[in-house]
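Student: Before I ask anything, let me first share the structure, which is written out below as structure tokens.
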């Protein structure tokens, strides 16, 4: 079952706080554990929690190097986010069935670190996945 979300309209407004915790980007990486290569072409979307609904902040594909690069320069503020990877479409295109139609990684940006970029990494196969969350300055 896919959770409902609403699409953000217009450009995203940066919500900065006095302590400078606004200006954060995100690096998303997906690696195909079956073939040992980047999951190039996998659809991925970035959503944030607004009140009680998920709002779409971005939609992209994993590039040939295994990353979504355009989200590095987003101005994210503190809050609850999720990155949703389309496992069924990706593995289906390779002729494989997948136990996970979507892989959702839900995380909270607290802005407590001096990080300019937060990293979400996922290693996936049709029947398992592993995630890592980190940051870099």
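From the backbone N, Cα and C atoms, a Cβ is placed for every residue, glycine too.
Just lifted these from TrEMBL, have a look:
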- 1-21: region 'Disordered' (REGION)
- 22-135: domain 'Transthyretin/hydroxyisourate hydrolase' (DOMAIN)
Student: Find the average pLDDT over the domain 'Transthyretin/hydroxyisourate hydrolase' (22-135) in the predicted model and report it.
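Tutor: Here the predicted model's pLDDT, averaged over the domain 'Transthyretin/hydroxyisourate hydrolase' (22-135), is 91.
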Student: Counting by DSSP secondary structure, give me helix, strand and coil numbers for the domain 'Transthyretin/hydroxyisourate hydrolase' (22-135).
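Tutor: Counts, helix then strand then coil: 11 helix, 62 strand, 41 coil.
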